[in-house]
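*Asks:* Please see the structure below; I have some questions.
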Amino acid sequence: MHNPFDGVKNSMAEANHDGEFGCTLKELRSLMELRGAEAIGLIGDSYEDVHGLCNRLKTSPVDGLSGQPGDIEKRKTVFGQNLIPPKKPKTFLQLVWEALQDVTLIILEVAAVVSLGLSFYRPPDAEREHCGRAAGGVEDENESEAGWIEGAAILLSVICVVLVTAFNDWSKEKQFRGLQSRIEQEQKFTVVRGGQVIQIPVAEIVVGDVAQIKYGDLLPADGVLIQGNDLKIDESSLTGESDHVKKTHEKDPMMLSGTHVMEGSGKMLVTAVGVNSQTGIIFTLLGTAEDDEEDEEEKKKEKEEKKKQRKTKAMDGAAMEMQPLNSDEGGDAEEKKKTGPPKKEKSVLQGKLTKLAVQIGKAGLVMSAITVIILVVLFVVDTFWIQNLPWVKDCTPIYIQFFVKFFIIGVTVLVVAVPEGLPLAVTISLAYSVKKMMKDNNLVRHLDACETMGNATAICSDKTGTLTMNRMTVVQAFIAEKHYKKVPDPEAIPASILDILILGIAVNCAYTTNIMSPEKEGGLPRQVGNKTECALLGFSTDLKRDYHAVRNEIPEEKLYKVYTFNSVRKSMSTVLKMADGSYRMFSKGASEILLKKCSKILTASGEAKVFRPRDRDDMVKKVIEPMASEGLRTICLAYRDFPVSEGEPDWDNENDILTGLTCLSVVGIEDPVRPEVPDAIKKCQRAGITVRMVTGDNINTARAIATKCGILLPGDDFICMDGKEFNRRIRNEKGEIEQERIDKIWPKLRVLARSSPTDKHTLVKGIIDSTVMEQRQVVAVTGDGTNDGPALKKADVGFAMGIAGTDVAKEASDIILTDDNFSSIVKAVMWGRNVYDSISKFLQFQLTVNIVAVIVAFTGACITQDSPLKAVQMLWVNLIMDTFASLALATEPPTEALLLRKPYGRNKPLVSRTMMKNILGQGVFQLITIFTLLFAGERLFDIDNGRNTPLHAPPSEHYTIVFNTFVLMQLFNEINARKIHGERNVFEGIFNNLIFCSIVFGTFIIQIVIVQFGGKPFSCVALTIDQWLWCTFLGFGSLLWGQVISSIPTSRLKFLKSAGHGTQKEEIPDEELDELEDNEEIDHAERELRRGQILWFRGLNRIQTQMDVVSAFQSGTSFQGALRRQASNSSQQQHDVTNVSSPTHVAFSTTATAATAANTASATVGCECVFSSSA
């Protein structure tokens, strides 16, 4: 091979960069656009063959690139980097502009501007008296000149709200980008450089690299196959064709980025990376790389559509592929998909919150409208009827000023009533949890998965690697008719058998699997690749033989044929062509399956003797079952010779090839249970979560491990069964799966052994669709293999293994366990429940403030013709109770106590009766206090009466005390809100949450500043120390009152209703169900809002603002969406981190009507994390 650095020196002098290499970027791009025979033709014409192409690209098919930095950099400049440039993040100003789009804010701004303008109008003094009592009596000149202050103050507070919102968006986006880049750095790929197999970050792959690909990989770049064993690729993400494509030199050597390796292994020469790869090209067409602002919306919609189609196609593909041939489901799957009612529900919390927010918003709208009407009517009646005044032209501006004032009061009632803090609380809570869950080894890819996990009632877990350590070692062996209880001495085994055994292990394990030297002195050797194969390679090392020597002698290119392992074969075989022209095939696989194919067995003398079914049963009883009952996984190693005389066998007829084997050995592989698992499983059981083990292992091994973990306890009447028995019991005579048959099995089933991925999918689907229990089950599933994809997608929450998991599994999952450990799942449950509780705490606080503020403003306005709480004060209260409280209450850290209760389930209301008791109790206390102050305050405190003051009157002490007491009561009630299950000690663990303490303290300080120095803009007067103490005492009263409330047993209060239920299927009328047929999900928000009358309400809905907070999640996604296809530079996992809506939960506004009606929803398209439409 010539030196890849020929001509590096003069390259700088050449104008044409590509002159250096034997082919240009353009040639390679056009080559990758061809498929099959055309591509082979072009490679033949232009480069002779792949090796010719390697020479042109100055790389070696065996040793890869030299890996020298100069060469790598040069390749990056000539052929591009393996990156797709992300979209520019929104600037802070753009976010501010978006926050300003909110309708309620706009109304307030307009009102404030009108009020400002009118305040400068001075009617001639003489006529002032004609305009009625309310207008007269402005004492000093400078008082009336201060009229502009209210308008200005409102504008100022609007600016505050906007800045806070924009800042929230901005920090959210920043966090996401951080998460993004972290995930991208984590994704590595195996390449050969300088003859060494190394793992490099996907972004470092360059044209000319030789990449090793194996089952489960997501290809990071385009390339041409150099050598492949039994390769099958799922190209549905690019072509939409669900059939797996076989890749061979002769037929189709083109490998495309973004496609999944479903079977086999091999090597490919990378020919296109980044924006030049097929995915990159599609991607540039989608315009993600450019910045056309005006088409952006269109493109976004198009892209979502495409993505949706791709996803569903890909999913159907996967589902079809998973069906074994004998089942009738494969064909019917398509039809079934169309006919059943929509199965996938929105995240539980979201559905409940959306309903609740819509209800509260409606109520607020009605209240604010009534307030305005009453104020206007009272004023008109008073001025024109009672005082009997004519309408004077000069007075018009003054009257308008009154109307504007009333309007502002109405809008402020609405602002306080609409709980726009809800989505914010959810977002903050989820974002905070997701960030903290990273520390607990949970990488959350879909935000709502975190919250769904809190409702989980069942976990179907893999055994290997999740419950066990996934560090496998051979501890027992049966060789040459002798059962060794520990690894035998090499001298004890006949040399002829040992030679065959070592050769078989070395060539019949994937060459990507290796035992490396330990990372630190005295540590255990590192296992790279498939762990079962690592155990076998370790076994050969224990037998004092070096498998590397064998592999050097027989490199991967010399293997004649490889049948790779897949879930149907349950075995792997490699064929070698011997020097004399005969063939020898080595096989390894599950012992009970492979032994059935053996007709001979090697004896102690090294001769083969006949192995009859009777001998096989003996062996199962005496060797395999004892090994399995100790929790060992048993693997059989066998071989078969094809003599020259028989000619070349028909390699495609697998059944004939894989028979008449000679058994070499059966080994027992131990995979110890992780020490922390039994404890974690106990916690799950105590928390009301059933743990089931679904494994491909033999039933005795599975039972032994399940007992060690505590899934099976002695004396329980739970069922263990294997896949065959399971299928026999759930299918009727025609072989169709029946739900009622599954319902008979699953409640007692604890271990499913020898299960295929289809069985796993069937079980998960069976449990989710089951109606036996009064609650629908919420199922979490763990998986690591490519074939687990369908089950992971079907489950409510799919966990993929970060270390052992294949890219395909990670792609289908919701959460990635970065340490592959079961106990991390328990942490996820804890966080999920914590999110739910945080939202409930926030609701308990928010609803109290809402009810009190609305009633005070409403009655106050009706009785005294002026709201006791002024617009600016309301906005401040709104800020405390929305932004600050959501921050404070949504960031409570979880405690172990969360695991002591049963899951809430889908129909449990958000606001329980206990919480309702607290809300109403506190509300009554606050209203009594406020009204007492309002109507008797001037006598109690011996101050001037603040009621019935004229327009532009100076602020009064009276109303300042009302406002101050109101805010302090909220502050103390915020501490009450920390507990929602009726606990007595509300201070418990308060100092663990620094955010909470600092927010409560900070709010108090700001309140002092507002009251003492706020003056006219805040309608406040400085108060004396005595008055402050009284206000604080009244505020503190809420804590004492809280204790009184918690002493009343909830069960006595029959009249209490709970609020915020999920929508049940039964509640949905049939005609709506038909409309929903096409959707993937029942989107509660759309349902609530589709009933036309709310569309206009939607406009007034301030929630949209906070929805934009969430759209930050999305704007992180615009480039993700595509990156998802180009999963090369983003990690397999990344694909959706940001696209908050997971692929299976396609949450875009699916129906056209919804999309047009909900212009507001456009901001939130595809955002599952909070509300799918701004409601």
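Backbone N, Cα and C define each Cβ position, glycine as well.
From TrEMBL, here are the annotated features:
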- 298-307: compositional bias 'Basic and acidic residues' (COMPBIAS)
- 333-346: compositional bias 'Basic and acidic residues' (COMPBIAS)
- 44-120: domain 'Cation-transporting P-type ATPase N-terminal' (DOMAIN)
- 291-346: region 'Disordered' (REGION)
- 148-167: transmembrane segment (TRANSMEM)
- 365-386: transmembrane segment (TRANSMEM)
- 406-432: transmembrane segment (TRANSMEM)
- 842-863: transmembrane segment (TRANSMEM)
- 919-936: transmembrane segment (TRANSMEM)
- 994-1015: transmembrane segment (TRANSMEM)
- 1027-1048: transmembrane segment (TRANSMEM)
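Are these features on the surface or tucked inside, and what touches them?
*Replies:* Looking only at the domain 'Cation-transporting P-type ATPase N-terminal' (44-120), the predicted model's pLDDT averages out at 80.
Beyond the transmembrane segment (994-1015), the same-chain residues lying 6 or more positions past its ends with a Cβ under 8 Å from any Cβ of the stretch are 876, 880, 884-885, 887-889, 891-892, 955, 960, 963-964, 967-968, 971, 974-975, 978, 1021-1023.
Only residues 6 or more beyond the boundaries of the transmembrane segment (1027-1048), in the same chain, are considered here, and those with a CB under 8 A from a CB of the stretch are 917-918, 921-922, 925-926, 929, 941, 957, 961, 964-965, 967-969, 971-973, 975-976, 982-984, 986.
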*Asks:* In the domain 'Cation-transporting P-type ATPase N-terminal' (44-120), how many residues does DSSP call helix, how many strand, and how many coil?
*Replies:* 48 helix, 3 strand, 26 coil
*Asks:* Taking a Cβ cut-off under 8 Å, which residues six or more beyond the ends of the transmembrane segment (919-936) line up next to it in the same chain?
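*Replies:* Contacts of the transmembrane segment (919-936) (Cβ under 8 Å, skipping residues fewer than 6 from its ends): 844, 847-848, 851-852, 855-856, 859-860, 864, 868, 911, 947, 961-962, 965-966, 969, 973, 976, 1034, 1037-1038, 1041-1042, 1044-1045, 1048, 1056.
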